[in-house]
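Trainee: If you look up Swiss-Prot, you'll see 270-303 marked as coiled coil. Residues or ranges marked as compositional bias 'Low complexity' in Swiss-Prot: 365-383. Sequence annotations record features per position, and here Swiss-Prot assigns region 'Disordered' to 1-24, 365-394, 499-542, 608-631. The repeat 'WD 1' annotation in Swiss-Prot covers 411-450. The repeat 'WD 2' annotation in Swiss-Prot covers 453-490. Among the features that Swiss-Prot reports, repeat 'WD 3' is placed at 554-591. The repeat 'WD 4' feature in Swiss-Prot is assigned to 659-702. Taken from Swiss-Prot, the feature repeat 'WD 5' applies to 705-742. The annotation repeat 'WD 6' is assigned in Swiss-Prot to 744-781. Residues or ranges marked as repeat 'WD 7' by Swiss-Prot: 785-814.
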Amino acid sequence: MSYSPLLGADRRAGEPSSGLASSTSIRDTLSGALNSTKAYLQPFTPASPYLGSNGVNGHNEPSRLLSDVAPQLMTTRMMAAVTNSNTALGLTPDGQRRARLLLTPGFSITSPARSLVRIGGSLIQSGIGRGPMNGITSNELFVLEESDRILATAARDLDLEANADAQLGARSAIEASKSKAAEPSVSLLRGFQATIPSSTEGRQRRRRVRALASGFEDGPEGPTKLGLKAMGDKARGLMVEGVDAEPVSAFQAREQRHARRNQASRILSRAKEGSRSSAIQLEELERQLREIEREQGDVGVRRSLIDSEMAAVDDKIKVLENIKAGLHKKLLGLREEELELNDEHEGVGELLAVQKHLRAMPGGPAAAANAAASGGATTSQGSSRRRKGPLFMPSEHDELPSGVAFMTLADHSAPITSLDFTEPYGTLVSASLDETVRVWDLASGEEVGRLRGHVGTVKCLQVEDEVCITGGSDHSIRIWDLTKVENFEARLTMTASGELRARRRSPDLNRSPPPVADESMDSIKIRDGDTTAGDGDEEEVRDEFDPCVKRLEGHSKSVTSLYFDDNCLVTGASDKTLRQWDLNTGQCVLTMDILWAISNPTSSQAISQSEFGFPESPSRKASSSSILGATRPDLSSRDSFSVLNNLSGAFSYPTPPYADGSWEMYQDFVGGVQFWGYALASGSGDGGVRMWDMRTGQAHRTLLGHTAPVTCLQFDEHHIISGSLDKSIRIWDLRMGSISDTVRYEHPVTALQFDSRKILAATGENGVKLFNRTTLQHGSLTLNGHTSPVERLRYMDRYAVSGGKDCVVKIWAL
């Protein structure tokens, strides 16, 4: 291919010109481009006879340039037709020259390469310009491919220095392209030239030339051969053509060896002499040098093409990875939907079983109809903490934005210590350090009344349907009927106002001391004017209206956790014991001593920490002199009695700082209890999670993993999930007996609840933490939320309640 200064400068040219809106502007632009081309080519006029004012066929310079760009277009027949049409239209010679391109159908300045290819193809198909020697050559294809930059270069008014710089830059770019590992782009024609099989023929030709020059192939009978291939084939056991299979004598074999050796020596000596004498001609060496440089360029082009293909493959891989990630996300969404449907199926199945059971009983159809009319609330069996399936909620709940607190209950004057509710938009009971237990109507957000009777703080409570059980720092457990709270509050208000009127009428009543609360169940007296007083006839009134229906005593210290289901209640207290109660009789039927379980581990309890995913280490086995130590004692060691002596005293543990920097002494030795059937799980201040058999009262397994007191736990058919002051939530697989996952936070965990899809936790921050068990993603409920760390929470389906140190209770839509 011939190299012209125009094409050399064009490799340095700038961006292609933008499209023009009208034919007038197109003609002006092309005219200016042709004039610029004249000025650009004038310095090179003496150097080439093809760049004069008159060129081939008598055309002037612009016509010659256009003929080079579109040889199939600028033929004699086409030019004559254009000239005749211009004459008929009365165009000037300059206009005629511009019209030669602009009047051609399908030509566009914005995409000249495409236009020229289309016009050339149409001309070939029509037979115009076709001859025995005519056709589209590689040079013409290259020009067509580079026409965008040719026109852009011609449209610029460049001076001689700029032209020289452009030419030098183009040559530098060509030289740099040979050394670069990859080019940003390779033309189609150049890539074809570099990859055709004939591009490697020069290498074989040069080998033959060197062989001839060195004497290997200059024999009178053709190329001289050493028989290397025959020896190689024979060594591999192949049949060698032309070799006599008859055995030869030792003398003949020796003579053949001598002959071959002499022949090889002569050939090698001639080869060495030939390489030293450089018998190859100068023209041949220059040709070989050009071939090598071209092949080096071809290697660079092929490398660029391979790099481009690899980059394209990488892009496709990224796209496929994005598609895979999207499909994986959809798969996780389907998994969540499947789990939700499983829970719904189980819940509906339970309701159906209850309905069938009611219908099978005497008077069953009426009872089933009443249960169905009540919305299914009375048909639920078991604790609501294990209840699955959809809940009955108003349709307005779907209109609430998820993750936003839409209700605030703010009558408490101290941090919330415990809370629970019956169902969404039902009844909520909350306890606080202000030593009050308040009952709320979640449909209106108003306080219904209070549960009066405990002296001190209520530390734990549970609500099921219309029954509430509370445990407090006064060592007692009380059972409440929530249906009586509102009427009892009204009676207290009426009694208090009536006694006040009586005092105003009687001076003796005004001199009486202020009433105080009596701890006995035989009478209820006025405390700060809140409750009624009386004995005798008042006893009957108390039995009828008092919401406290029973009081259970047995623990010697604060009751810190409880769980009840049906007629069975289990409580845990700071006296390091667990007690099982019969709610029908109010009697304690079983006492389980945690200290005894620590000091007397059974054979089934003696489970190594490595079995649960924790490696055995001296630091974990070393006994500690205090529960405040950083290491946990070996519960199966005989040396742990010193630790038990410390545990037998008053228990306290400093909590890690919360998000607001506050901390306190944690004194609840039993952080959480839950049972199902005869299986009981408890979390205690020594960091252990124990599994108890309620038939024998023995702890048959201890799950070790937490390094601080366990504050909360919950379990289902397959997992126990526990939270601790060590800032972690641990998920225990009951089937494998090991930790399946650990979720860590920056602050202590004080409360949690989970289902098959998510875990909600209070982790010492202002927001409620949400962990998706399917996607393993973390979230937080903060919008319109608490202003101090959250400490208690409870949720059902898409309805959650939380209480914090800011003394308020927040209601959330999940």
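Cβ coordinates come from backbone N, Cα and C, glycine included.
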Trainee: Please compute the mean pLDDT of the model over the coiled coil (270-303).
Mentor: 76
Trainee: Which range out of 453-490, 554-591, 744-781, 785-814 gives the repeat 'WD 4' (659-702) the most CB pairs under 8 Å?
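Mentor: Ranked by Cβ pairs under 8 Å, first place goes to 554-591.
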Trainee: Report, as numbers and ranges, which residues of the same chain sit near the repeat 'WD 1' (411-450): CB under 8 Å and 6 or more residues beyond its ends.
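Mentor: Residues 377, 384, 391-394, 397, 456-466, 468, 470, 482, 485-486, 488-489, 530, 788, 791-794, 796-799, 801, 803-809, 811.
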Trainee: Would you list the DSSP helix, strand and coil counts for the residues of the repeat 'WD 6' (744-781)?
Mentor: 0 helix, 19 strand, 19 coil
Trainee: Counting each residue once, how many in the repeat 'WD 1' (411-450) are helix, strand and coil under DSSP?
Mentor: 0 helix, 22 strand, 18 coil
Trainee: Could you give me the DSSP helix, strand and coil counts for the repeat 'WD 5' (705-742)?
Mentor: 0 helix, 23 strand, 15 coil
